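Student: Okay, handing you the structure first.
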């Protein structure tokens, strides 16, 4: 097997896997190699997204559930077997759901997750593709990301996150654009961007220093410190922390109370709170996406992503 190019993620990881297992006894190495390659190859089974436009109409998706009841629109990450990792289609579905929620009869909009995780963030398999298509994949990814974040910047109603478990990456950074964040005491908040050679997103390079101060923001965004729910509350990212045993009951009782408040007053108040910052947020979002677009095609990024996939697959053995 010839050595593959740096952006042929699955084949390159397979190459590394074969070399890494070379020191094991022959039969053990053979079995482990087959298991590892099978795991890596499953990463590439999803249909290619590289040529799909970000303005494509979102399809109905079982991975994003949208319900509306008692004045509350609930948007649920519903991919528990993948720790609610966000696929390309889920990004489109969320944008579609937010557009509908902005004009429906609900008073507030709530995000939460199914299962143990709130969301493990961007599904890195979104960026696995053939070497010849990497530029298209990166361009599409950053275009969708910019539109996705702008949807949160523009959303006119109160936006609440009900963080039922661990949150990673963009599932954390986007929280700074919410109006309230309620967390279970078992939730954690992790932004391992430097580990993955990625640029922070969702206006976090501006909002995190504003919320928690520059040194604490750097601890998360540069050095990848994982925060407990209590630490996130102390730093201002989380509004309130609830015991896991009473989390759902207490939070939803609170939310039903919020849904009885004046919708017009809350919309006007949110507009006044956000209006002086909105243009700044658009600018920061554009700058972060431009930096990501410039960064992603580099070999260092490809190597970090490849190593992540290799470690993840090897851990399953």
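The first residue you see is number 1, and the count goes up from there.
Heads up, the Cβ atoms here are built off N, Cα and C, so glycines get one too.
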Student: According to Swiss-Prot, which listed range is region 'Disordered': 40-60, 61-81?
Tutor: 40-60
Student: May I ask for the distance between residue 122 (substrate binding site) and residue 201 (site 'Important for catalytic activity'), taken between their Cα atoms and rounded to an integer number of Å?
Tutor: 11
Student: Out of 120, 121, 123, 124, point to the one nearest residue 201 (site 'Important for catalytic activity') in space (Cα versus Cα); all of them are binding-site residues in the record.
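Tutor: Nearest in space to residue 201 (site 'Important for catalytic activity'), counting only the binding-site residues, is 121.
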Student: Reduce the DSSP letter at residue 120 (substrate binding site) to three states and note it down.
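Tutor: It is coil.
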